[in-house]
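Accompanying notes for the structure given below.
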Amino acid sequence: MDNVEKLTVVGAGYVGLSTAVALALLGREVRVLDTDAGRIEGLKRNQPPFYEPGLAESLVRASAKLSYTTDPAEAYADTELAIVAVGTPPTPAGHADLRYLYQALETLAQHPVSLVVIKSTVPVGTNHDAKKILGPGVALASNPEFLRQGQALSDTLYPDRILVGAEEEWVFGVLERLYRPLIEQSFEELPWLPRPKALREAIARGQRVPLVRTGLESAELAKYAANAFLATRISFINEIANVAEAVGADIEEVVRAIGLDPRIGPHFFKAGLGYGGSCFPKDTRALAYLAKRGGYDFKLLRAVIEVNQAQRYRLVEKAEAVLGRLSGQTITLLGLAFKPGTDDLREAPSLEIAEELLARGARVRATDPKALELARQVLDPRVELFADPLEALEDADAVLLVTEWPEYRALDWAQAKRRLRRPVVLDGRNALDPQAMEALGYVYQGIGRGRKRSELAL
Ligand code: UDX
């Protein structure tokens, strides 16, 4: 197959839509197939189905190259190449639910495509099984995506590496051609999605974005390994933060000191309430399960998951310790999304924190710059939601900063104090300056910002 100018992307979620839009911005003609008619209708009017920086603008700019449908016959008419990026959500037991993937593959098997590229995160061995569904005439590539929500388009356009698992040489060739503008970064800088400085400089020095060629199983495992390692870093630093509190050290100082070792590095070392979102919780559980099914007990990963679960309750425990009891107290949550820059509430620590506070008899008020609409659908209706953070703080006995939105750093904390019943701020993301907060008269605690021994008079 020669034609990489025209392709179909299956699944209009974060990964599928970012890929489709990025390839359309590079000049490819992209059809997007999704079973969700509402989503497709919205996209036809250039309405993004979720909040993602640069997406609204990109949908408009690339609209001449993008088309949307719920009809597979229309989606696969005269296309040789299909990229599958449907969701693989977790089942209650922790496996990846492959229902949508298999549905997509079965539909694909009835159409004459030559190459199917699987971008969905799938358990090792799935690509092999997919081959059987597609039959002998269709080639397959595993092409996992490493994009982050909140930077989905940027990560797709400016990747660190492109990973391709395949069994035939020509398949690598096709994907290399498909992604050439990304590999060479040969497209004009997009003003609304600027190229990161480090990448611009690397390209100027003649470097390219590496395309890593592997077998199918290695590509599948590499995706899980990347997410498991990043999750491990987070649980590790959260454990060190908890130790810092116990012994009177400051995690921010510790990270600064160890991050300078190039073998360790400073990235992905923010102590806080643990990881959430649609990837880390799901993929760590899926990898632990995958290992177990293969007869191996992945002890380290099980501990990473356990530590992450416990970390979510740190602020609730701190609130109870500071206030004496939670029953009858008003607690305000600043931030609900699993991280800033997104309205996504999947596996957000805020959900369990709110539930736990309610279970302990507290009254819960909450705010978020982007996630309120979704919060209305998923949060316990007893949680009172406010668009204005200052209003959310009214009469609160303690403020729990759950998501480190820049808005909360920039909040007028002197004015905020006048709204509160008690000036208690528990910062689950170490987003605020402890000295500045204390100077304003707050009782302030972060995560892993232990009191020095001298201050504690131990
Ligand atoms: C992640 C991976 O980064 C991405 O490569 C993969 O493809 C999908 O999963 P995402 O879930 O969008 O992306 O968010 P990310 O920014 O990686 O953060 C994940 C979670 O870890 C968030 O809940 C965040 O708050 C938390 N986190 C991250 C920390 O607690 N500390 C850190 O230092 C970094």
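Going from the start of the chain as shown, residues are counted 1 onward.
Backbone N, Cα and C define each Cβ position, glycine as well.
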Note: TrEMBL has LYS223, PHE268, PHE269, LYS270, ALA271, GLY272, GLY276 binding substrate, and from LYS132, LYS197, LYS318, LYS339 that site also includes LYS339
Out of LYS282, LYS292, TrEMBL lists as part of the NAD(+) site with ASP34, ARG39, THR88, THR121, ARG346 the residue LYS282
Among THR88, CYS279, LYS282, ARG346, i.e. the recorded positions, the one with its Cα nearest that of PHE269 (substrate binding site) is CYS279
Grouping DSSP H, G, I as helix and E, B as strand, the residues of the domain 'UDP-glucose/GDP-mannose dehydrogenase C-terminal' (332-434) number 34 helix, 19 strand, 50 coil
Row PHE268 (substrate binding site), column other C-beta within 10 angstroms, all chains, value 13
Neighbour count check, CB within 10 A, over recorded positions ALA271, CYS279; minimum at CYS279
Spatial hits near THR121 (NAD(+) binding site) (Cα distance within 10 Å) out of the recorded positions PHE268, LYS270, ALA271, CYS279, LYS339 come to CYS279
What remains of the recorded positions ARG39, LYS223, PHE268, GLY272, CYS279, LYS339 after requiring a CB under 6 angstroms from ligand 1 is PHE268, GLY272, CYS279, LYS339
Rounded mean pLDDT within the domain 'UDP-glucose/GDP-mannose dehydrogenase C-terminal' (332-434) lands at 97
